[in-house]
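S.K.: Please read through the structure below; I'll follow up with questions.
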């Protein structure tokens, strides 16, 4: 009784005073409350063996210390004082601790050495692998365990295990099992009390501390014995722990404990790894362990000998009986443990963490544990770390159950809530949840209330609507009837006027209506309803009206429901019917008259046919009215019966109009046929599993679930659900419910999410759900599409099979299952409280909208039907995704094949639609075609789809039209030629200009569709014939097959030729047309023989093509395609009918293609390649281009045999082909009007002049790809120069000849002259520029009066014969021409004044430019583009800053960023007194206005008084409303300096640099990285550094240097007495008189000194620098007008802030160069205008 247990924690708390004294000696401070928190709660979580009651074991204390001192976010700096104090107590225990401390030495962190026998001293032991060794001296026994006064039990404080009994001597040859059995049997199991007391009473045995469970054991004779692992231990470890890949941390902890407690050998470690790890995991662990091997320098090494020595992969020869062998083993275990830890680090996968959500019935605490475990497994973050508490808290809120998460998000002050608070709140919410019965009852009650309320609202709304309609209809019909009567009576009929004494009720005189005796008395009864059809002017009572007669008609393609009104003269539409006509009618109603407009003519579908009618558009009418005008056209008959009005047609049949969807509108134009599979049909009863109507939703049971692979770099995408209207949500709700009931949609939780898009079906109010899978499609791997091409799918259908069956599979994609791993990809959000759904839904089947769905389904169905095709080889089965066509030769075969196909589909799990089935018919519709008797037609539906499209207004609408019409192009001859005007408008960036040509082409295509012929199906057993024609670059043809004596068209083909082929002569264009159409026809012929018939004999052209027109590549392509005699043959030349492209009965005029092609000439008819006998000149031209010193140089020359006529260097980079063209062109220009023979060795120049130039010109100077050809300007110049000589012969000669002929000598001289010109003569850029452009002819020069005055001053002469002035031997160019030329040159180059001047000086201009330099400077300065980009060279002089007149009145403030220090300080707020230079700096964690005002009010104001002026930059903390409001309230003038001008805050900016430099030096000198600790020393230096006037800020402020003490001075007594207070005051007064006033005067003198102002004035135009420019963005913006100026800054129009003068530059406003001048005249009312220039 009364006994208590003494623990280390309780012991320290009882002696807390001594603990605080020890902590003070360690320079730390501890508190009892926090020590109680850390010891039992924090330190046990470090997993180092710390007990909750504490321990004095130094090994455990050191391990806890290492955890506390860990760098980075996992450290615990707040626990440092407590663990340091605890360590000091353990190292030097006070008297009250010594009795409870074990005398054993603390474990050393070095590698352990197992002793081979008893030793004199205990060896050092590792904290990780403790090896228990006997102590030299036994512990003294305690005489008393239980104290008489109820003292604590002391035995619990020891760290040693209970002592074992004495071990008997063991025989040397005895085995270990028998020894251990003997040992165990000799020692009975003691009770806890006995073992506790025995340790205090009996001394321990010599080897009592040696473990008996290790594989390496110390025997009784001091020898180590080996005990391997038992199979039961390995089995238990394997089965009771998770795998390494599943939970590496837990398995690593197990192996660590095994290595610590069992001391396994190398073989045991391999056995342990092989049992607990897989082969791949083991290899990864061994690899990481070898990476952790360290060399002699302590760093990881990669030397093989050192790695193999420390961590061998093969069995080492270690001797465990020696200390060296045991040290090797200990190191191996340590490396192995490091490898386990490194290999167990899994990469960060936050998606896995996000996937952890709270279960429906899971408690919040259990969910939190799962969430923390996910953080440990999938991230490197520790969820217990305080720094990660925010992330864990947010995950806990977001991933909780929806009801808990929503309420947690609404908590007040959520940021201050800890994780423990959130769990507590979540538990409250979880415990207050309603039971499923209560929730179901609440849902039922709410549903009933909602339905009841909705029903009442609907009834009330319906009553109000009927009442309003009756009232408005009464007014309208009364107005109509009144108008009709007035029309019949010839005018307006007014009510007769009453006399003064006449009754308005009975019309008798003598009384009024209120006193009329005939008027009924009593309460007024309910007013009877008025019949709409019996209204009259006065109104009257009628019988109960019959049901409203209504009828639905189709107006303009839209169904409209009308109210039949025989009294209405005209039919009325209420809604906007589209365009309205200009006609209008005046409608007089009961409430007044109003004018309404008529609609344009609308097509109305009546029972008697389609008519055109115009309606009266009355938006105020409550219902559309069917008046007598349409009833007459309808020939309707109205019969009134007791049951109501009945409307019938002219033949007595009821009038009914079908209302249907827009996409099914085309079915109205088709011949109606009865469905082949009716509800009572035998096809349904015989094959119930094959039809969707009887078999339900299909499921392909033989197809494995599909796995959708993602791209390697794909990450989950989550797109929130778009807002959805209530109408749309209710519209798709039934579809969602149906898919949920069928299991196609299931609830899920997925990181993927894509929105649901409700799409309204046209013409109805029904919606269908469509999922936007665009982002998912981007992240899924692409597969090659194998869906058949409908263009040639029917080519495999032989004409002999004329019995068809068409099946359309219902919900085909939903028949294929999705693998569970791929289902989360297609998740979408859906909320329906009525169904109890609030979350995500995903597809279990293949969804629609997925890009690979058609291909996957097509392949799956094709594989499933493979056996059917093998078993029925006589049948033809065509498949296009989910559309099947079965063809047979007879009706019986078709029926049998259809039965087999339906049975196969049912067995496979697919379902066909009975409504759309076409079984065993000779005419069916398939893929938009009508198939019958081996032919195919365009269905009327396809034609109506194209015909119903309106005229395109945008490129997108035009592309839609061409796409729809292009599907039918096989039926339209010359389709490419018709659509040629339309295709240019579809290009991006082209202006959509719809003109007459486009309208004509649009109507021609529609007209061609209406007359589309029937095309025969391709018969692959017969040869094909292709008739080809070409016209104006368009290839046209028809593919036919023989049917008896006739040719039946199979397809009409047309295509536009490429630009190269379009420029050829007609015969060659025919070759290109045949090649293009033969390639397209191959898609239908499937490689069958093809006979080509054309009006040209092109076979000879293909066999021997002219090399001057065709390139080798194109020639090879044509020959390989057209000379394949096994497949392509040429028929006789035929003349084709341009309408049908079929041969004419009469033969056309024959011609020889080769002969015509040979007669085709180039540009110049007289041009030849043979020398002219009587030529005036024979010249040789050559161009040269070569590399010299890394630069390509070029030149051109024209020579005779012996002399050089012309040679010129060309710009660098000029190609040899261009140089040849320039040389040849120059020769032709110099031979103008003469006979010339010119030789060139360039095949390119020769072919361009003779052949290719004309070809280029014909095809618009474009390549085959449609791009512009190279050397375009040179080719055009050459073609133009060909007409200059009188007679011309361009002759090709071989280059680099060595003979002595005239041709060889001339060619060598031309080549040599061109090379020398390229090397010696600099390129004449200006001359080339002028030659390439249109030259300025002196005959067009016009000189102004100013030009003439200048010319006379220069001494220029006037050339009378040529009409221009000459100066320095050159024609003088007038000033206006000079301006235009230089302005054009500058716009091309945008060079500056100096560069353009140098360029013009270097060139040899043929003209003298008047006022060139002045004009050049003007052009360069007035260029707006250069002004926005070029840098400014203007320099602004330094200004003078305003300073305070005394300390504390004027401060400059700034934030500067410093690298993060301790406790999160990363900013420094600096205050500088501008008068004295005194600096105050405060470390801060944030850069906010709150901190600025706080430091100003708490630090600056109490010490220095209230500032008068504050100067800062435009930072957010200074311009915020908080800072400015505080300054305004305190009367502080807050001056904001110019942006991006640090000189404006120069004093504080310079101080920022000084403080940072000082802190850098101090950190390097002291070795610490805590700059906050060193900040006072930096401020001390800044405050005691002399300023510009030789005084330090401290001296200016206090009048003397700071007191310094020399502690080595022998006379320290003189520092003990300080001056009196009066002396201090006198000194400060002297400072104020001798220092402050002169200093203030000096500052004032600086302000009074004149400062050179900037040159800008109010009204000037300036460019403003853009300080943050993006890529390819000009550096200047503007120009702006200057509004205000200061000596250093400006305010411009359009920018609110002041701008420093250094950030602007003057904008040169180009003055208008007038072409007219104004002069005064003698008459004051007249002025004189003269042409001129300034």
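Cβ coordinates come from backbone N, Cα and C, glycine included.
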S.K.: Need a hand: Swiss-Prot gives 1182, 1241, 1311 for Mg(2+) 2, which of 1201, 1203, 1220 is also on that list?
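M.R.: As annotated by Swiss-Prot, 1182, 1241, 1311 share the Mg(2+) 2 site with 1220, chosen from 1201, 1203, 1220.
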S.K.: For the feature motif 'PTAP/PSAP motif' as recorded in Swiss-Prot, pick the matching range from 101-104, 105-108, 109-112, 113-116.
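M.R.: That would be 109-112, the stretch labelled motif 'PTAP/PSAP motif' in Swiss-Prot.
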S.K.: The Mg(2+) 1 site in Swiss-Prot includes 882, 883. Which of 782, 808, 811, 997 is also listed there?
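M.R.: The candidate from 782, 808, 811, 997 that Swiss-Prot ties to Mg(2+) 1 along with 882, 883 is 808.
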S.K.: State the residue range annotated as region 'Interaction with host UBE2I' by Swiss-Prot; the candidates are 417-422, 423-428, 429-434, 501-506.
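M.R.: So the range that Swiss-Prot calls region 'Interaction with host UBE2I' is 429-434.
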S.K.: For the Mg(2+) 2 site given as 1182, 1220, 1241, 1311, which other residues of the same chain have their Cβ within 8 Å of the site's Cβ centre?
M.R.: 1180, 1181, 1183, 1184, 1223, 1240, 1242, 1295, 1307, 1310, 1314
S.K.: What is the average pLDDT across the domain 'Reverse transcriptase' (740-931)?
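M.R.: Mean per-residue confidence for the domain 'Reverse transcriptase' (740-931): 87 out of 100.
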S.K.: Please work out which residue of 1182, 1220, 1241, 1311 has the most C-beta neighbours within 10 angstroms of its C-beta, and give that one of the binding-site residues.
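M.R.: Within the set of binding-site residues, the most crowded position is 1182.
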S.K.: Run through the zinc finger (1386-1426) and tell me, per DSSP, how many residues are helix, strand and coil.
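M.R.: Residue counts in helix, strand and coil order: 27 helix, 2 strand, 12 coil.
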S.K.: Could you say whether, by DSSP, residue 1182 (Mg(2+) 2 binding site) belongs to a helix, a strand or a coil region?
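M.R.: The residue in question, residue 1182 (Mg(2+) 2 binding site), is strand (DSSP, three-state).
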